[in-house]
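One structure is given below, encoded as structure tokens.
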Amino acid sequence: SRPDSLGLLDYYLMDAASLLPVLALNVQPDDFVLDLCAAPGGKTLALLQAGVCGHLAANDISTSRTKRLYQILHSYVPREIRETVSVTSCDGRDWGQLEGGTFHKVLVDVPCTTDRHSVMEQDNNIFHRRRTKERQMLPMLQLQLLMAGILATRPGGEVVYSTCSLSPLQNEYVIERAVEVAETEYNVKVHVEDLSHFRTLFQDTFSFFSDCRLGELVLPHLTANFGPMYFCKLRRM
């Protein structure tokens, strides 16, 4: 990618399936949007391209990854749009307490086993025995992040949860637990939205798993080698 006349890079390479959670969020003009686990920044860029929202809060717990996010924003986004973005490096699990009931739309693209990268990764692979405990704790971390995203959303607002994992434990299970915990512990009702229209819209581009109980899952396939990407949309009632 080379700089254009404004000094901005003109394209960003990412898996096409990574755009689906952003499209599912359906950002509208003047929305207050939170990208809870934003780094390195691909979906943040896509959120800005989807519509100029009123404000975008881009957060990531990792300070090194947040620096990368800053670089991405300065390399790709004009200054006047960049001024609508605030970048923070907080523990996303605390966000519901920091700014509860604030946002119209929240993207919770959680840390996961990153299955596509893991099959090619030799060093520091999350499926290595020395990382067993970390891997086993992922669904709890994912649930805590999703709960923070739900609590950060104002009534009537929407949350999109996403992973790049094939595991039901990291996908549907987390959604089911979040709906249960929201009601029993916070007295918050959450409705799981139907995203089946994505299968029709993108049937020529992606291979969707037909038996997802909740949300949608893009499967890597020889003829459409994108994903994996799981995404599910929740509405806070």
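Glycine too: its Cβ is placed from the backbone N, Cα and C atoms.
Worth saying up front: this structure is predicted, and the values here are computed from it rather than measured.
Per TrEMBL, the feature domain 'SAM-dependent MTase RsmB/NOP-type' maps to 1-237. Residues or ranges marked as S-adenosyl-L-methionine binding site in TrEMBL: Cys37, Ala38, Ala39, Pro40, Gly41, Gly42, Lys43, Asp60, Asp91, Asp109. Taken from TrEMBL, the feature active site, nucleophile applies to Cys164.
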Q) What whole-number distance in angstrom separates the two most remote CA atoms of the S-adenosyl-L-methionine-binding residues Cys37, Ala38, Ala39, Pro40, Gly41, Gly42, Lys43, Asp60, Asp91, Asp109? A) 20
Q) Who sits close to Gly41 (S-adenosyl-L-methionine binding site): which same-chain residues at least 6 apart have their Cβ under 8 Å from its Cβ? A) Ala58, Arg68, Leu69, Ile72, Leu73
Q.
Within the domain 'SAM-dependent MTase RsmB/NOP-type' (1-237), what mean pLDDT does the predicted structure show?
A. 93
**Q.** For Cys37 (S-adenosyl-L-methionine binding site), nearby residues of its own chain (Cβ under 8 Å, 6 or more apart in sequence)
**A.** Asn59, Asp60, Ile61, Gly92, Val108, Asp109, Val110, Pro111, Leu145
Q: Would you mind checking how many other C-beta atoms are within 10 angstroms of the C-beta on Lys43 (S-adenosyl-L-methionine binding site)?
A: 24
(Q) Can you give me the Cα-Cα distance between Lys43 (S-adenosyl-L-methionine binding site) and the residue listed as 'active site, nucleophile' in Å, rounded to a whole number? (A) 13
